[in-house]
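Features of the protein shown, as given by TrEMBL:
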- 20-41: transmembrane segment (TRANSMEM)
- 53-76: transmembrane segment (TRANSMEM)
- 97-118: transmembrane segment (TRANSMEM)
- 148-172: transmembrane segment (TRANSMEM)
- 184-208: transmembrane segment (TRANSMEM)
- 235-254: transmembrane segment (TRANSMEM)
Amino acid sequence: MLEKIQKALMIRSCTIRELLAEALGMFILMVMGLSSVAQVVLGRGDFGQHLSINLGFGIGVTLGIHAAGGISGAHLNAAITLTHCILGNLPWRKLPAYLIGQFLGSFMAAATVFGLYYDALYDYTKGNFTVTGPTATASIFSTYPAPYVSLVGGFFTEFTATVMLLLGILIIHDEKNNGALKGTQALLTGILVLGIGLGMGMNTGYAINPSRDLPPRIFTAIAGWGMDVFTAGHHWWWVPVTAPILGSLAGVLIHKLFIDFHNQPVLESGNEKGQAVVETS
């Protein structure tokens, strides 16, 4: 009976399987991350601090990569997927499937965390969901700049943090140089995200990922926070979408200029260091 059910449900399209893998990986990542933010905010500091959020997202990244890595490569980031397409590592025809999967998983994660902490949200806000103010809760789901951060400063923060993300990913997977041991890549990528949060999370909340920021923002607009989620912070919403894309491309360029272009296999001398770098997240 189980075999018949499996055959009936089995999806043979590689593209659809990749879409589903990205959706599940993103869902796991975002549920772990957003729920940690919710617990810190709604618990008024009694159930965690900033470190809790960094750990939540780091653990979520590790588990998300393990869930999707063998099927889609676990991009879990629209900026990374677009970069792969530009570099020729992923066919452009697969871009919509990856983006849809990521956005679907992220949106459903926001809805799940909203349901999980619905009672706590109402108790904390008295039913008044706001983006700014003493009981603001929109930041549970998407990133917003600190009051002292200018739009230019916030853009540079997100750009730089994403550069470090891509550099870290490429270093972890660079088999021609000093790549990580097989099986440890997911854990090290989670630690990488943890490190970025520890060092560069104060200004903007380190979105570093359009798929992490935009779908939950759309959800909050629908769920009661209104269009303020797009106008707050001098119309901040577009920065976590564009800055990570540019930062991702810059990170790849820096790695190639400083390491990859000069570290090709030297077949003539018999000093071949390895095969092509596995550029996945």
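Keep in mind that glycine also has a Cβ here, set from the backbone N, Cα and C atoms.
Predicted automatically and left uncurated, TrEMBL annotations should be read as such.
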At an 8 Å Cβ cut-off, counting only pairs 6 or more apart in sequence, do the transmembrane segment (20-41) and the transmembrane segment (184-208) clear the bar of 3 or more pairs?
no
Given the transmembrane segment (235-254), which of the listed stretches 53-76, 97-118, 148-172, 184-208 has the most Cβ pairs that are under 8 Å apart from it?
148-172
Taking a Cβ cut-off under 8 Å, which residues six or more beyond the ends of the transmembrane segment (148-172) line up next to it in the same chain?
79-80, 83, 178-180, 185, 188-189, 192-193, 195-196, 200, 203-204, 206-209, 233-234, 236, 239-240, 242-244, 246-248, 250-252, 254-255, 260, 277, 279-281
So which residues does the transmembrane segment (184-208) touch in its own chain, when a touch means Cβ under 8 Å and the partner is 6 or more beyond its ends?
50-51, 53-55, 57-62, 65-66, 69, 74, 77, 79, 139, 142-146, 149, 153-154, 157-158, 160-162, 164-165, 168-169, 172-173, 239-240, 244, 247, 281
